[in-house]
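Copying in the features that TrEMBL gives for the protein in this structure:
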type	residues	note
DOMAIN	B:27-207	domain 'Heme-copper oxidase subunit III family profile'
TRANSMEM	B:30-53	transmembrane segment
TRANSMEM	B:73-92	transmembrane segment
TRANSMEM	B:104-122	transmembrane segment
TRANSMEM	B:142-166	transmembrane segment
TRANSMEM	B:187-206	transmembrane segment
Amino acid sequence: MSDHHEHHGHHEHAEEAPHSSFKGYMIGFVASVILTAIPFWMVMSDVLDSRNATILIILGFAVVQIVVHMIYFLHMDFQSQGGWTMLSLIFTVVLLFITLFGSLWVMYHMNVNMMPSMMGGADGMP
Amino acid sequence: MSNAVATPAAEGGKLEFLVKGDHHPAQGTLLGFWIYLMSDCLIFASLFATYGVLSMNFAGGPSGADLFDLELVALNTAFLLISSITYGFAVLKMQQNSVRGTMGWLAVTGVFGLCFLGVELYEFYHMIHIGAGPQRSGFLSAFFTLVGTHGLHVTFGCIWLVTLLLQLRKHGLIQENKRRVYCLSMFWHFLDVIWIGVFTYVYLMGSMV
């Protein structure tokens, strides 16, 4: 693999090829390995006593790793396709947050406000 | 999104606008495929939301802490991550116009994809075998739906990969095949992104219950 070099120079403007480079992929890969290994290590060897702190930290690592994948593997930027890929991504992320947090929020409060006789023992969300 | 550059003319004080139009997307397919991936992302969003709502409904059955084997999940995560970087190498080889290199790295990617599927199928088989199938509880229904949908995507990715290998062998690195390689690369990396959410939200958080 030592014969890889960066090939930034030879893009034709006619084809909108992603801006791939060996260096970019390796940065993304190494960062992903680190960002994956730390959460697994934290959970598998019970590093923190606080469960909530662990959850917050591993969710943070997941978000960072998703951004790393977006930049180094999926080559997201504000320029590609005249900005339309980024626009559709932002739109999707907004919908994603509404779907996820809307569902969790509504269903959590439904569980909490359920009449005691109807509660099936389940006491809420993670 | 167009850049309007105003250059005040020296005489008359009139403004001249040099409107630089957008580049017309030369590869509309890539943009269209990206929009497909975004709609796929919303499918996963609803499945994640379903899992989030049902993740504590064990119905007296086993929880994630009882079921999940994190070492196996770590192995699977490694398979998928390595397959992502090997796909990246295939794209680099393609940009150097090497058909053999592209096909070689694509084949390696496919092998890692199959390893991932093998481990996941073993996990599913094991869970169903000990009576923790999708019909056991709401938690397990949501788990099998979410993780199974991701696995189904990887399966179709592998089928597409084999198809692409045959197309590359027959036609070489023609423009259409390059486009296909780019589309599958987006699909493959996108599945890896979804897997980040799965192993964090389902496996790691699930085994801390």
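Even glycines carry a Cβ here, placed using N, Cα and C.
Curation does not apply to TrEMBL; its annotations are automatic.
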Can you name the far-off residues of the same chain, 6+ from the ends of the transmembrane segment (B:142-166), with a Cβ under 8 Å from a Cβ of it?
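Sequence-distant neighbours of the transmembrane segment (B:142-166): 40, 43-44, 47-48, 50-51, 53-55, 64, 80, 103, 106-107, 109-110, 113-114, 116-117, 120-121, 124, 133-134, 177, 180-181, 184, 187-188, 191, 194-195, 198, 202, 206.
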Are there residues at least six beyond either end of the transmembrane segment (B:30-53) with Cβ under 8 Å to its Cβ atoms? List them, or say none.
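Same-chain residues near the transmembrane segment (B:30-53) but 6 or more away: 142-143, 145-146, 149-150, 153, 179, 182-183, 186-187, 190, 194, 197, 201-202.
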Quick one: average pLDDT across the domain 'Heme-copper oxidase subunit III family profile' (B:27-207), no decimals.
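Average per-residue pLDDT within the domain 'Heme-copper oxidase subunit III family profile' (B:27-207): 95.
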